[in-house]
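Here's what TrEMBL has on this protein:
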TRANSMEM  38-55  transmembrane segment
TRANSMEM  61-85  transmembrane segment
TRANSMEM  111-129  transmembrane segment
TRANSMEM  135-153  transmembrane segment
TRANSMEM  160-179  transmembrane segment
TRANSMEM  185-210  transmembrane segment
TRANSMEM  231-250  transmembrane segment
TRANSMEM  256-278  transmembrane segment
TRANSMEM  298-318  transmembrane segment
Amino acid sequence: MSDSVATASLEAAAERRPRFKADQVGTRARDWIQLLKPRVISLVVFTGAAGMIVAPGHMNFFVALVTIFCICMASGAAGAINMWYDRDIDAVMQRTITRPIPGGRIPENEALAYGVGLSCLSVCLMWMATNTLAAGILAFSIFFYAVIYTMWLKRSTPQNIVIGGAAGAFPPMIGWAAATGHMAILPVVMFGIVFFWTPPHFWSLSLYACKDYGRAGIPMLPVVRGARHTRWQIFIYTLVLLAVSLVPSFMHLCGWLYTTTALVLGLGFIACAVRVLLEPQDAQGVSLKGDKAARISFRFSLAYLFFLFCGLLADHFLQAWV
Ligand code: HEM
Ligand SMILES: CC(C)=CCC/C(C)=C/CC/C(C)=C/COP(=O)(O)OP(=O)(O)O
């Protein structure tokens, strides 16, 4: 899409956007929660908690709870800043048009204050409850997602989520740092797993949300390079992900239970990617089956990360027990 067409459609959508009604102020707790992207937070927090639990040593239960709360708050705060900055494109895309800001239910300046306020609070609380390393990585993650990904990469390059994916990969390192005060190989490998998981996770969704992104003028991979190229990229990244997920096994950082889980899930994700690759499609690679394979692959990506980290935790407890 050309810049002028994208700008015109953004302006037209802004005109259609419902105006904010003052009587709705403060009455919609659900909207304030939606601004934090709660379902995304749930998995982000789980990966952070996993990093904290597999770390060596004993952590005070209350400090552990505060750590999880801070990761939750920081990730939500970054999501709120993302929704504030993206209010123009969210108003154009079918998937996001009913969000609290484009829906006219939360004023944009309050959303920004909310995001910045919660960001500061989460970092200060983490620093007081744990240590400088954990608070520092937490602050960097917020900055990376809200500024580097949202304000810069998302609108400028089709590699946006490859680089930007780092933001969502930090939580295991934050959890580990909060528990120990230093860094080690395992949390860095966990970072690598989430990092290489992000492209097949997001590009599966982008295959069926491609029209939305095109209309908003966002250079997501299927918009810029086409669906066929994106299908191949998903496949390649699932292969790399399988290799990275087996690094803890090769380095003897975990046992057979994790290795089996990683192998089964990794092969499952590759099978999803092969289905995406082979799905009946036209000459441009656009699905003739309503992107069924990509929808399955996206859902599988969520299950993959959850169960892989469950496997890591189960393996950790098994090793401690035997
Ligand atoms: C730059 C990296 C990422 C991008 C661009 C991305 C993009 C997306 C998008 C566009 C959605 C659909 C959201 C919606 O329709 O409301 C989504 C859903 C989701 N993402 Fe990601 N994601 C990324 C990283 C992550 C990470 C690191 C996690 C967790 C570790 C994660 C967990 C989830 C979950 C749980 C959902 C499902 C939400 C629901 O059911 O509404 N994502 N992601
Ligand atoms: C600890 C900490 C700060 C972690 C940050 C974790 C985090 C929120 C990662 C990114 C997840 C995500 C939903 C990206 C989509 O943004 P998008 O703008 O491309 O998606 P959208 O179009 O649905 O808004």
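Going from the start of the chain as shown, residues are counted 1 onward.
The backbone N, Cα and C atoms fix where each Cβ goes, glycine too.
Note that the structure is a prediction, hence the values are computed from the model and not measured.
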Within-chain partners of the transmembrane segment (231-250) [C-beta distance under 8 Å, separation at least 6 from its ends]: 186, 189, 192-193, 196-197, 199-200, 203-204, 207, 221, 258-259, 262-263, 265-267, 269-270, 272-274, 276-277, 279, 281, 285, 297, 308, 312
Contact yes or no, the transmembrane segment (185-210) and the transmembrane segment (38-55), 3+ Cβ pairs under 8 Å, gap 6+: yes
Top partner of the transmembrane segment (38-55) among 61-85, 111-129, 135-153, 160-179, 298-318 - counted as Cβ pairs under 8 Å: 160-179
